[in-house]
Ligand SMILES: *[C@@H]1O[C@H](CO)[C@@H](O)[C@H](O)[C@H]1NC(C)=O
Ligand SMILES: *[C@@H]1O[C@H](CO)[C@@H](O)[C@H](O)[C@H]1NC(C)=O
């Protein structure tokens with residue numbers, strides 16, 4: 001198989017996230033996404049993939065502090081992942097069709113989403129690195145490397161060896177699940193649970209030596225706290241049993257700013273003297289959330305929140321179900337330059353500023 005041997009990276013370069021001076025060659029040093037995550041799903045309702053396998057979610061380049069960038073390079077986006085993989089390696093495509101599953105049955109759309117949202121953020125996969133721009137070599141390498149790392153992380157088997165198997169008859173503790181996985185993978189992973197306290201995600205974290213193509217991963221502990229799972233009573237639901245009703249994928253409500261008066265109006269700005277705009281919060285099959293007002297989709301453009309008919313692809317938030325707080329690129333901090341007075345509309349910006357708050361979802365659903 002033709003590997004991209006045209007990229008030979010000096011071993012003298014520091015490990016990702018460990019440099020003390022500027023590294024010039026970002027084809028050989030992953031930046032800013034120096035933390036690589038191999039993420040997996042346990043989809044049981046509807047069930048996807050073999051009943052004794054966790055399935056692939058993606059291969060993500062997160063920042064060194066656990067926040068992340070998304071949709072980094074429009075020019076790298078693709079809409080023909082299956083065709084690209086087929087052209088390079090049909091056995092890899094067959095493996096993906098078995099283990100990299102979309103819970104709504106549209107695998108190609110999940111693959112495109114993962115590459116376009118996360119794959120385009122790898123500095124070491126840029127088309128300008130070596131021959132990665134030829135024949136979508138970088139797209140092929142992204143999926144090959146994701147599958148290869150996944151094959152070394154057999155979550156189902158590791159849990160089963162510790163007596164942790166899917167069942168409707170008992171529950172498990174967070175400690176026993178995490179320590180079983182840590183003892184095999186070499187570092188503490190993140191585990192995620194749904195609103196029913198049933199485990200449905202695991203994320204393994206790495207730093208990287210050289211280009212992603214070298215696959216020289218060093219396991220590190222999770223940068224994200226596994227707080228969506230409670231410490232005891234965690235369910236591990238067999239894929240055969242469709243016992244759980246999925247949470248409503250879409251909810252209507254309004255967005256408040258914690259500790260502040262007023263709320264968001266339909267263009268995404270902060271207003272204190274009128275009624276709150278109605279927003280729809282929708283969960284995608286990948287677990288991310290989109291936000292939409294009567295004006296249109298919401299996005300975060302140059303750090304500023306904006307909703308309108310000009311937005312063609314919505315920003316993908318995460319959502320903390322317990323606190324009902326919106327999370328953007330791994331962070332919850334938003335700010336404004338000042339508190340609005342009278343009928344003033346004030347921009348809401350990602351990150352810290354003069355007036356700081358989080359965005360709190362208030363559902364109108366019963
Ligand atoms: C690490 O390298 C990146 C990329 O060159 C650079 O932007 C960053 O400032 C460096 N970090 C330190 C601590 O020098
Ligand atoms: C995939 O799409 C790109 C861009 O449209 C095109 O250049 C490439 O030839 C396609 N690859 C395959 C294998 O169809």
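Yeah, the Cβs are placed from backbone N, Cα and C, and that goes for glycine too.
Some features that TrEMBL has for this protein:
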- 57: active site (ACT_SITE)
- 114: active site (ACT_SITE)
- 118: active site (ACT_SITE)
- 253-362: domain 'RNase T2-like C-terminal' (DOMAIN)
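Under the DSSP three-state reduction, residue 114 (active site) is assigned to helix. If you take the C-beta of residue 118 (active site) and look for same-chain residues 6 or more apart in sequence within under 8 angstroms, you find 58, 59, 60, 61, 68, 70.
The C-beta environment of residue 57 (active site), restricted to residues of the same chain at least 6 apart in sequence and closer than 8 Å, consists of 39, 40, 41, 114, 201, 286.
In the three-state DSSP scheme, residue 57 (active site) is classed as strand.
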